[in-house]
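As written in Swiss-Prot, here are the features:
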{"type": "DISULFID", "residues": "Cys11-Cys71", "note": "disulfide bond"}
{"type": "DISULFID", "residues": "Cys26-Cys118", "note": "disulfide bond"}
{"type": "BINDING", "residues": "Phe27, Gly29, Gly31, Asp48", "note": "Ca(2+) binding site"}
{"type": "DISULFID", "residues": "Cys28-Cys44", "note": "disulfide bond"}
{"type": "DISULFID", "residues": "Cys43-Cys99", "note": "disulfide bond"}
{"type": "ACT_SITE", "residues": "His47", "note": "active site"}
{"type": "DISULFID", "residues": "Cys50-Cys92", "note": "disulfide bond"}
{"type": "DISULFID", "residues": "Cys60-Cys85", "note": "disulfide bond"}
{"type": "DISULFID", "residues": "Cys78-Cys90", "note": "disulfide bond"}
{"type": "ACT_SITE", "residues": "Asp93", "note": "active site"}
Amino acid sequence: NLYQFKNMIQCTVPNRSWWHFADYGCFCGYGGSGTPVDELDRCCQTHDNCYSEAEKLSGCKPYIKTYSYDCSQGKLTCSGNDDKCAAFVCNCDRVAAICFAGAPYIDDNYNVDLNERCQ
């Protein structure tokens, strides 16, 4: 779920608050359209698409689905998720959090004008 995703981000990117990712580019945060502005925004587009795939699983609601995972020294592991939805959503969030850690953060792409840059 989104709370766990926030915690995963704090695991892989401990030196930057999770809310820096909540309104970044065209895809990080609510909704998403246009072309990603950079590598970090592409991480978010991929995460959005992953959630869309998760929603195709019967009764799977990725924004609120809880799952089990471990964070150890910046390494994330999804664990003990017997149900398909939990395992899928955990992996969506894990892959995105790792992607965030590897992508440059460009301050100019925070809080962009969606109408101007995301058509």
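One is the number of the first residue shown, and numbering goes on along the chain from there.
Heads up, the Cβ atoms here are built off N, Cα and C, so glycines get one too.
Where Swiss-Prot records a feature, it is marked here on the structure.
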residue	record	DSSP (3 states)
Cys11	disulfide bond	helix
Cys26	disulfide bond	coil
Gly31	Ca(2+) binding site	coil
His47	active site	helix
Cys60	disulfide bond	coil
Cys71	disulfide bond	strand
Cys85	disulfide bond	helix
Asp93	active site	helix
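Comparing Cβ neighbour counts within 10 Å across the recorded positions Asp48, Asp93, the minimum falls on Asp48. Measuring Cα to Cα from Cys92 (disulfide bond), the recorded positions that fall within 10 Å are His47, Asp48, out of Phe27, His47, Asp48, Cys71.
Asp93 (active site) sits 7 Å from His47 (active site), taking the C-alpha atoms as the reference points. Residues near Cys28 (disulfide bond) in space but far in sequence (CB under 8 A, at least 6 apart, same chain), listed by position: Phe21, Ala22, Leu40, Asp41, Cys43, Cys44. Of all Cβ atoms in the protein chains displayed, 18 besides its own lie within 10 Å of the Cβ of Cys118 (disulfide bond). The CA atom of Gly31 (Ca(2+) binding site) is located 19 Å away from the CA atom of Cys99 (disulfide bond). Between His47 (active site) and Phe27 (Ca(2+) binding site), the C-alpha separation comes to 9 Å. The Cα atom of Cys11 (disulfide bond) lies nearest to that of Cys99, taking the disulfide-bonded residues Cys26, Cys60, Cys99 as the candidates.
Cys71 (disulfide bond): 16 other CB atoms within 10 A of its CB, across all protein chains. In the shown protein chains, 23 other C-beta atoms lie within 10 A of the C-beta of Cys26 (disulfide bond). Note: the CA-CA distance between Asp48 (Ca(2+) binding site) and Cys118 (disulfide bond) rounds to 15 Å.
Around Cys50 (disulfide bond), the same-chain residues at least 6 positions away in sequence with a Cβ under 8 Å from its Cβ are Phe88, Asn91, Cys92, Val95, Ala96. For the pair formed by Cys118 (disulfide bond) and Cys99 (disulfide bond), distance between Cα atoms is given as 21 Å, rounded to the nearest Å.
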